[in-house]
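Just below is one structure, and these are the notes that go with it.
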Amino acid sequence: MSESLVFAPSAAAIARTRTTAAQYEEMYARSLSDPDGFWKEQSQRIDWIKPPTRIKNTSYTYPDISIKWFEDGVLNISANCVDRHLATRADETAIIWEGDIPGTDDKVTYRQLHERLGRFANVLKANGVKKGDRVTIYMPMIIDTAVAMLACARIGAVHSVIFGGFSPDSIAGRINDCDSKIVLTADEGRRGGKTIPLKKNVDEALLKTPGVERVIVVKNTGNAVAMQAGRDVWYADEAAKVSADCAPEPMNAEDPLFILYTSGSTGKPKGVLHTTGGYIVWASLTHERVFDYQPGEIYWCTADVGWVTGHSYIVYGPLANGATTVMFEGIPSYPDAGRCWQVVEKHKVNIFYTAPTAIRALMGAGADIPDQYPMPSLRLLGSVGEPINPEAWLWYHKHVGKERCEIVDTWWQTETGGILISALPGAIAAKPGSATKPFFGIKPIVLSPEGKLQEQTKAEGVLCIADSWPGQMRTVYGDHARFVSTYFETYKGYYFTGDGCRRDEDGYYWITGRVDDVLNVSGHRIGTAEVESALVAHPKVAEAAVVGYPHDIKGQGIYCYVTLMAGEKGDDALKTELRNWVRKEIGAIASPDLMQFAPGLPKTRSGKIMRRILRKIAENDYGALGDTTTLADPGVVTDLIENRQNR
Ligand code: WTA
């Protein structure tokens with residue numbers, strides 16, 4: 001039924017859009033037939049110190065994957081996000097900050113942002129940071145965090161932002177992987193009425209990071225924290241010593257901008273590396289077109305800057321476009337499920353961009369809550385992070401958008417730098433549950449799992465992208481071979497997304513979720529291998545297998561099968577212990593939802609765990625287990641089914 005629902009663009013959206021349906025078709029066709037010409041033109045949206053003459057230089061030929069865009073161009077991103085707006089909108093608001101505690105807020109104009117980032121950049125320099133150095137940022141959702149990111153970009157340092165929900169062990173792993181000598185943090189963060197001990201977590205992490213020489217601490221809550229002499233300094237003290245004047249460092253288009261760690265199907269999280277020129281062209285162009293952003297509008301993306309959505313669509317894309325971007329410290333459910341709608345009305349938000357998991361949670365709290373808020377400023381709604389089920393889409397459309405706002409369901413990944421598949425308001429009709437059509441320069445292709453190209457329009461299989469686009473990641477930091485093998489080895493000649501999809505008869509894309517061992521829990525990517533290795537690191541655990549199962553709010557929940565060491569007793573106390581253990585090893589976002597103690601796991605005769613069977617049992621769909629005769633010990637399955645947790 002859902003596939004037959006179509007929401008044509010409203011007359012209002014058509015009247016104001018930057019991209020009409022005809023323009024979309026024409027620009028899309030040209031972006032594929034003449035990428036050099038198309039992207040040369042689009043690159044002019046950026047202020048270059050030296051404009052590029054070479055536009056696209058990319059190869060998907062396995063194993064020599066090489067991606068360069070605008071490679072002889074020179075620019076500085078912070079100048080594009082801030083300085084260049086000073087002539088026209090210095091006194092307009094760049095960032096509106098809404099605090100976790102209702103009633104607390106703040107804002108900075110572009111002029112103030114310019115001053116703050118210059119000063120922060122000089123603090124970094126004074127503390128020894130040089131072009132190319134990696135700077136770890138473990139900070140809360142406050143304006144200083146955006147300032148810190150821009151300050152790194154100002155001097156050519158490469159930032160690695162770590163989400164505040166990660167544990168000390170996860171922080172240490174990321175710091176060591178990119179060999180970062182400096183960490184920027186705050187005393188504490190605030191979220192949902194709780195304080196997050198950021199500095200304390202950093203202190204614990206730093207017991208395992210021999211390379212860190214300096215920690216710069218921003219005072220946020222003002223509560224006392226330990227400061228280690230010779231290593232830790234307060235930002236305010238450092239800022240008092242320097243000027244706010246810092247010339248932007250000229251950066252080559254292919255110089256690194258940031259590293260962002262993300263989970264894959266194997267091993268530890270990988271450092272996705274994005275560079276300068278292509279990234280900012282992509283982030284700013286997609287922000288402008290997908291949200292049809294027009295000057296003066298208030299734009300709010302509810303993500304955290306610790307994720308790629310926060311990088312591209314709170315900080316870089318909106319600021320490059322001179323937008324007013326809202327940064328929200330809190331969570332949608334605090335102090336109650338009306339918070340987002342209060343904030344929309346308070347700041348007169350025009351564009352609201354959030355994740356399906358938040359929509360589903362708010363839906364659960366009842367439609368009468370958003371129904372109390374007319375939210376007349378709202379014009380456009382966005383969704384990102386996971387497939388949005390049509391029920392949630394329709395609820396969002398009716399109770400938040402009042403059947404007046406278009407919805408853009410934006411599909412993309414940390415690796416892609418920005419949106420690749422999405423409707424454009426006023427140009428592309430929406431179908432609830434479909435990310436709709438590809439953005440300029442993106443040629444999605446559908447392959448059978450065996451790799452056969454599905455040429456007919458209506459198709460189902462794995463989603464690959466045929467050619468490079470400017471915002472694409474360039475490598476895995478420090479491990480190019482892993483970049484090549486993860487994304488280019490299975491299906492030669494294409495970028496493999498790790499997602500499955502359907503393409504309908506209208507050429508619309510419906511993302512069906514990950515086809516690899518990556519879970520999407522509340523819109524956060526978690527590798528099953530990471531959770532497994534955390535579990536087996538516990539002395540009482542012999543073996544573990546982790547799979548996802550459908551979860552009403554989170555999209556997917558984490559289901560762990562655990563085999564204990566001989567003599568250990570699997571009881572509720574041990575479940576709690578193991579759950580806390582995983583939270584300590586990785587962070588609260590990886591907390592197991594269901595745990596089953598199993599005397600044995602289903603394995604093939606060669607010793608490979610049959611995850612297909614474990615998934616089916618976790619989904620409570622064990623009637624369709626398929627062939628189990630190849631198992632070394634088919635008997636274990638009976639026990640697994642009898643003791644399943646998801647009934
Ligand atoms: C999923 C977040 C369906 C997908 C920007 C992808 C989506 C992974 C959508 C990337 C969407 C993201 N519809 N699925 N609109 N957006 N995904 O790296 O599985 O945190 O591969 O980037 O989220 O997650 P990541």
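Heads up, the Cβ atoms here are built off N, Cα and C, so glycines get one too.
Predicted automatically and left uncurated, TrEMBL annotations should be read as such.
Feature annotation from TrEMBL assigns CoA binding site to ARG191, GLY192, GLY193, LYS194, THR309, SER522, ARG583. Feature annotation from TrEMBL assigns ATP binding site to GLY385, GLU386, PRO387, ASP409, THR410, TRP411, TRP412, GLN413, THR414, ASP499, ARG514, ARG525. Among the features that TrEMBL reports, Mg(2+) binding site is placed at VAL536, HIS538, VAL541. Marked as domain 'Acetyl-coenzyme A synthetase N-terminal' by TrEMBL: 24-81. According to TrEMBL, the feature domain 'AMP-dependent synthetase/ligase' maps to 83-468. The domain 'AMP-binding enzyme C-terminal' annotation in TrEMBL covers 530-608. Look at TrEMBL and you will find LYS608 tagged as N6-acetyllysine.
Cβ neighbour count for ARG514 (ATP binding site) (all protein chains, 10 Å cutoff from its Cβ): 18. Checking the binding-site residues GLY192, GLY193, LYS194, GLY385, THR414, ARG583 against ligand 1 with a 6 Å cutoff on the Cβ atom leaves GLY385, THR414, in sequence order. GLY193 (CoA binding site) falls within neither a helix nor a strand when secondary structure is assigned with DSSP, and so counts as coil. GLY385 (ATP binding site) is 32 Å away from VAL541 (Mg(2+) binding site) when you measure Cα to Cα. Residues ARG191, GLY192, GLY193, LYS194, THR309, SER522, ARG583 are recorded as binding CoA; their most distant pair of Cα atoms lies 23 Å apart. Taking Cβ-Cβ distances under 8 Å and a sequence gap of 6 or more within the same chain, the neighbours of GLY193 (CoA binding site) are ASP100, TYR334, PRO335.
The C-beta environment of THR309 (CoA binding site), restricted to residues of the same chain at least 6 apart in sequence and closer than 8 Å, consists of CYS301, ALA303, TYR353, VAL384, GLY385.
Between the CA atoms of HIS538 (Mg(2+) binding site) and TRP412 (ATP binding site) there is a gap of 35 Å. Summary of the Mg(2+) site environment: with the site residues VAL536, HIS538, VAL541 set aside, the chain residues having Cβ atoms within 8 Å of the Cβ mean position are ALA534, LEU535, ALA537, PRO539, LYS540, ALA542, GLU543, ALA544, VAL562, LEU578, TRP581. Long-range Cβ proximity for VAL536 (Mg(2+) binding site), meaning a same-chain Cβ under 8 A and a gap of 6 or more residues, is found for ALA542, GLU543, ALA544. Take GLY385, GLU386, PRO387, ASP409, THR410, TRP411, TRP412, GLN413, THR414, ASP499, ARG514, ARG525, the residues named in the record as contacts for ATP: the widest Cα to Cα gap among them comes to 18 Å.
DSSP classifies THR410 (ATP binding site) as strand under the three-state reduction. In the predicted model, the domain 'Acetyl-coenzyme A synthetase N-terminal' (24-81) shows an average pLDDT of 98.
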